[in-house]
Amino acid sequence: MSQVAPTLDLIAAPAPPPAYLGGGSDKEKNVYASDDDHTPNVTSGVGSENDDDEIEPTEEEYEKLRKVPATIHWPAIALCLVEIAERASYYGSKKPFANFVRGALPKGGNGAGAVAKGAAGKNQTAGALGMGSVAASAVTSTFTFLSYVIPILGGIIADTKWGRWKTICVGVAIGAVAHVILVVPAIPSVIASGHAFPPFIISVIILAFAAGFIKPSLAPLMCDQSPVKRPVIKTTKSGERVIVDPQVTVQRYMLIFYWCINIGSFWMIVESYVQRLVGFWLAYLLPAGIYVLVPLVMLLIYKRLYFAPPQGSVLLETLRVIKQFYRTNGFFKGLKGGDHTWESIKPSHILAKVGTLDKKIVWDDLFVDEVRQALEACSVFWLLPIYYLADGGIGNMENDMSAAMTLNNIPNDLFGNFNPLCIIVFTPIVGLMYRYFEKINRPIRPMTRLSIGFALASINMIIGALVQWRIYSTSPCGHYATDCEAGVSPIPLAWMIPLSALPGIGEIFIAVTAYEIAYTRAPARMKGLVVAISLFNQAISAAIGLALSDVIKDPYLIWPYVALAVANFVCVFICPTVFRHLNEPIREFANVERMAGKLQTTREKNENSGQLRDVTRGDHV
């Protein structure tokens, strides 16, 4: 398929040369050139024979012409490497948590948590603390909850105080401390002393804070590097007129970013065997070694990136807009929404109606529109916990399922790694599918993608219910199969492959689309916070898992699968009906000057007259 410029292909594509380091056209240099440090004069940045003619499409052209992504520059690719290393260390550390807490030291093992050698360890699982499945579920759910609720704090700090880069750097430093501490409770002598849990839980909490500072800023920082900020018409070498579209570009960036997340998380396969064959000390030491790559890559790319500066007042302004919205329209009318309700709080409307503006109204009309589209985007995010509960199950129920199956010397948590494997394999396929439908001008809209993800989750839960039923039917202990001392079910562990594979494919449609919606519909100065809100839904699912950890156990493990199958099936129809308005494309959402606060109108007092007047930030009163 002819492209305007070499776009990063998920299968194989070289990075474009960094023209701004020397050589290249003035056009390419202009993408990163700046009068101020790290503040570029961003243009479309797309290589084309007609770079001098950046024509914005008409409404008719925007509907009819094929949309293509812009080039991804190598600093953005380097950020992908940061994500791979950070996620490898994160998931590599998280993977052994359940076995470390749940199981006791295996009989005949080496004292570090590894199973016994030979036939004695064939159906054993790695373990250390022996606190049981309820405690293991509580620890893993707490870690997940913190890892996805702390990004709210990280996003606020990034948007209002530190900026994305500094927030990431602080998170990286915190993560380094966490990885060092995490090795301590896994030392055999510490396990034997009975005092391993306190340092373990401390390191878990610190690691969650590190993830909370890194995660809400890294994806937006990568998308900030996109060279195209508004739709422009280009002509390909074949003569086809196409639209280089910012939303399609962000969609491609997010696919690549999520693919990198799962390249990193695939390290969990190594962790499954390391904890089983060597012990937990090495299982926690290896992720720490990988983590060293994160600061090294960041040092290399620091001077090559664009950083959107933090805007200290943006959160307060947003809260004021929301307060004014409900004060003007009332609670129930506000919930119903509609164009007229939002028009009623725009300064232009108030000025025309009343003739004057309250001094507390410091926003402009465009900011009202930005807050509206952000709240509309956040409304669909509340469906996501239903999906995430089906992606891995509630609490520790899939780990309990695997512990009751025939292992044949395979780690009980091995097949959970089919989730990232499927994402790695199917992300390029899904990307090609998107390109095909874009080529025939039938793009797969965001709500359709979410529906596909929910459908896969529903099928996954149906399979889970059937597998759990078969385990109960064949276990020597019947409906109490998880901790059965009489033996395990003859059902092989391979039956769990669909329970990891289908959610993995579903994540490509669910999680990537959520990232895209969050970035493209967030106000220009609040992208970190809105991305964090999309991530927060995983914290909600973890909180539900934590709350239900005492009841999600034998003999009731079939029913959670049934409930989630029904809930996800309902969501298949909610997305394209209730939220169909989110299918409308956003043509411009990352204006660099507005992200820097320069185009935000505020109201300031004139020192001479004492009167309030509208001032665009960057002007002098």
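In case you wondered, yes, glycine gets a Cβ from its N, Cα and C as well.
Model, not experiment: these values are computed from the prediction.
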Per TrEMBL, the range holding transmembrane segment, considering 65-87, 134-156
134-156
Chain residues outside the transmembrane segment (280-302) and at least six past its termini with a C-beta under 8 angstroms from it:
75, 78-79, 81-82, 85-86, 88-90, 92-93, 95-96, 100, 112-113, 126, 128, 165, 168-169, 172, 175-176, 179-180, 182-183, 186-188, 191, 267, 270-271, 274
Please work out which recorded stretch in 134-156, 197-214, 374-390, 449-472, 558-579 has the most C-beta pairs separated by under 8 angstroms from the transmembrane segment (168-191)?
197-214
Paired segments the transmembrane segment (449-472) and the transmembrane segment (374-390) in contact, 3+ CB pairs under 8 A
yes
By Cβ distance under 8 Å, which residues at least 6 away from the ends of the transmembrane segment (134-156) in the same chain are close to it?
94, 97-99, 101-102, 167, 171, 201, 204-205, 207-209, 211-217, 315, 395-396, 399, 528-533, 535-539, 541-543, 545-546, 549-550, 552-553
